[in-house]
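Below: the structure, in structure tokens.
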Amino acid sequence: MRLQSLFASALTLGSCVAQNSTNGTWPIHNNGLTTQIEWDHYSMIVNGQRFFLWSGELHYWRIPVPELWVDVLQKIKAAGFNTFAIYTHWYFHNPNPETLDFENAAHDFTKIFDLAKELGMYVVFRPGPYVNAESNAGAFPLWLTTGAYGSLRNNDTRYTEAWTPFWEKVASIVAPYQLTNGGNVLTYQIENELGSQWRGTPSKKIPNLSSIQYMEALEASARAQGITIPFQANDPNLNSDSWSKDFYDGYGSVDIYGMDSYPACWTCNLTECDSTNGAYKPFNVIDYYDHFQEISPTQPSFLPEFQGGSFNPWGGPEGGCPENSPADFANLFYRNNVGQRVTAMSLYMLYGGTNWGWLAAPVVATSYDYSSPISENRMINDKYAETKLFGQFLRVAKDLTKTDRIGTNQTASTNPNIVYSEIRNPDTNGAFYVTIHQESTVGTREEFYINANTSKGEFTIPQKAAPIVLNGFQSKIIVTDFSFGSHSLLYSTAEVLSHSIVDEEDILALWMPTGEAGEFVVTGAKSGKVSSCGGCSSVGFYPQGDDLLVTISQSEGISILTFDDGLRVLVMDRSYAYEFWVPVLTADPFSPANETVFVQGPSLVRSVAYSSDGTILELTGDNNGTSTQIEVFPPKAVSEVTWNGQSIKTSKTDYGSLIGSLTAPALDSLTLPEISGWKANDSLPERLSTYDDSWWVDANHMNTSNPTKPETLPVLYIDDYGYHVGNHLWRGRFEGSASGVYLSVTGGRAFGYSAWLNGEFIGSYVGAAYPDTGELTLSFGNLASSNSTNILLVLQDNSGHDETSGALNPRGINNATLISSSAKNFTSWKVTGTAGKPDTAIDPVRGILSEGGLYAERLGWHLPGFDDSEWSSASPSNISSSAGVTFYRTTVPLAIPTGLDVAISFTLNASPSNAALRALLFVNGYQYGRFSPWIGNQIEFPVPPGILNYDGDNVIGLSVWRQEEGGESMGVDVGWKITEAFASSFEPIFDATYLQPGWTEERLQYA
């Protein structure tokens, strides 16, 4: 019946919407449930206004401290974004088939919706159920990975029954927060990068019914739970052409089509992207225009994931690869997208966060910094500042929301090395000339002019100033007929930064790279003057008919030009533009210009408000200098400025601004106490033959649902026994005098394992960055007993489940074969892992992904409140020469002064630097670092407030698994440091007790 209805709908709806508009107009679409959110060929239309969706991604589950969400979101808003995107995480909320958790601590994500409303941003909500995200099994619940639910992401009824409770609950939670219900959730994504609508070549449109029926079921379920906002989808690349109603109106297609792109590769291992992008070339731009014209011509060109950075795989470069997508990348690629008529774009990632616990897929380690504009430690960087310049421009460039592409790759009039795309608003005639190098991979310094068509004719610009310059891997957007408030620019070769209306008068901000020249024409102006020259030169005012042509060169600083009609124009270089802010007085995501204030100088401006009588301008934000100049451009009624609640002394300038100075403590004098006072205990008693494993799970399955069958029996796949993350322990028994064992163990990239027979170490697979399986033939020597039961312990690491179809790839022992044995096989196996019943978290606050199965973890040695008074003193700097696991623990107080936001990172340094060991860092019960110096890539581990107590005691734990016996001494030096500090209105000191549940006697049963 379902199949019949599918084909019936397809026949009724037809196959493809015409790609060209009729009668010069494009149809305006909605989903039939609301007209609050509509769209057409040009852009989205929200509450009747055209809208450039400018968004960035963050994951609340990668920053599991709800008190920190406001900090990150304030920084997103301050950079000019009007939207942010979030994934949910199925496993984080659904630890077993019977349990859904949307209440405990960070599991309750509704605070994010409240903050979006308060700050004035829309939300692109992406609930999966599969999300990828370099997360363990792509965020599938790991109980789903046994094969018992089929191959996943299809119409298999077993899989449908698995996702339905989670999917329905999420939709019911989100429904009240939709724009249509007074909230700010704008769109709702169905699945993630599921480019499988078609079988074979997409142009043949042979339906893939399994995927189609899956998508239709997800859509119907969400609608049944009250989701009325538009559905969106994100095609994984340019090749799969899936889920656009323009390409095929039916077969599960969604309301708004999108396509993801990572032109500089999503990983620091650039070869992984060759099959998608071709061989890597730095700064090689990609054409999207033709794709969107073919696949979604009556919809806005939408990039739901556009590169904000890239993740760092195991063995990658220390600190990631920010050089692959630096500030210049943001400058060039985001502008180039505008030149291709993209009017909806979300950066992945804008804030990456941390793969704490066992959140990560095997492709990535603890850090998920992603070289993002907002770093893992929540601090902003040069890429953030460069992105902010673009975002502030988008906020005021209203004509961008409706443009036609007039020409592309047009050569600059004087330099064939520069080309530009011209896009023009058909209603206002406002145009944007997006300039780039003819070969974007070439970053030479080039001077050029362009032929610009304006409402007053064609001009070769600039007319009087020095030529336009592209210096490096950059782009510039040259505007013509640019309207702002009651004014307009006929053109400008200096880039537009922002626009504010104060006391019903316009203030325009322009910027240019340090030392370059710009030229602009103010329509209707008769005269102008330099009211303040902060680094300006070659300033000229030239009447041109009814208009005024202005030339200026700008070194480091900010200059203010005033005009006879009341217009003020701020011209600044890049360095000053980086510290130029446009806070908004309203919670309207459109950020109207008459609700903004210009502020220059601080490291960050978080908010702005007026006192009730309008005489005090109240600013909050961050600054990091002992003396930082601040200049604000408020209404005339303002006579006082406060910064973070404190009045600052200001003086008024002739051109209407107020200038003052911000002070901050001497932040470079901040210090942290030494991490010392370590105590230690053996964390691997399971290696001993006397250890009692009677409570462990019997690993006795003789068959498995997993499509990959083991080479020996019983089945020793960890997920089949209800354990899924971290370290697992297998104990196999046999009788007789075997001489050795062959082991084949799978644990994902960068995993490892070690083995002991009757308490004695026999060998390790130390691991490598890419292999996910390790094979060893281990000799027992004279350790096996022919007269008693022998016990083999295998301690296995598990770096996570693979993504997409690889989620079913098993983890565990594929083959355990005794060698030269009088017994043919092991007589029995037992297994244990994370404390709690299988598939059940003992710690619902930190959640199912927080800890693995080490003895120390099971017994809660990493938790606050555990009594270590009987332990002996020992330092991880000099560990035992025996292979095994030792747990180290200490308590260190912190006393960060109030009024400061401080980023703290732990440092782990091995001796020797490539030591064959594996260490886990725990902070107040949270695992915040996986350290494998043999494999490499990370020695600094940021830990945020809320995990760390900034004003109180901190329990720090370190498990050290030595994988080699004897030889040179080994150790791990544990330190910490302040990486950045600011005087801030954000207060990182708060009561985090609820996030840090302590030790309980319940743990003792897992000894």
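From the backbone N, Cα and C atoms, a Cβ is placed for every residue, glycine too.
Note that the structure is a prediction, hence the values are computed from the model and not measured.
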Bond partner of CYS321 - disulfide, per Swiss-Prot - picked from CYS268, CYS273: CYS268
Among ASN878, ASN909, residue that the record in Swiss-Prot marks as N-linked glycosylation site: ASN878
Given Swiss-Prot lists ASN132, ALA133, GLU134, ASN192, TYR262, TYR370 for substrate, the same-site residue among TYR87, TYR91, TYR420, TYR433: TYR87
Residue among recorded positions ASN155, ASN192, ASN703, ASN787, ASN815 with least C-beta crowding, 10 angstrom cut-off: ASN787
Sequence-distant neighbours of TYR87 (substrate binding site) in its chain (C-beta under 8 A, six or more apart): GLU57, HIS59, ARG126, PRO127, GLY128, VAL131, ALA133, ALA139, ASN192
Spatial separation of TYR370 (substrate binding site) from ASN787 (N-linked glycosylation site) - C-alpha basis, Å: 56
Secondary-structure category, per DSSP, in which ASN155 (N-linked glycosylation site) falls: coil
Euclidean distance between Cα atoms of GLU193 (active site, proton donor) and ASN208 (N-linked glycosylation site), Å: 15
Separation of alpha carbons, ASN681 (N-linked glycosylation site) and TYR370 (substrate binding site) (Å): 36
Fewest Cβ neighbours within 10 Å, where candidates are the glycosylation sites ASN208, ASN453, ASN681, ASN878: ASN878
Which listed residue (GLU193, GLU305) has most other Cβ within 10 Å, given these are active-site residues: GLU305
Tertiary neighbours of ASN624 (N-linked glycosylation site) (same chain, Cβ under 8 Å, six or more apart): SER603, ALA664, LEU667, GLU980, ALA981, PHE982, ALA983
Residue among recorded positions ASN132, GLU134, GLU193, TYR262, GLU305 with Cα closest to the Cα of ASN878 (N-linked glycosylation site): GLU134
Local Cβ density at CYS268 (disulfide bond) - other Cβ atoms counted within 10 Å: 23
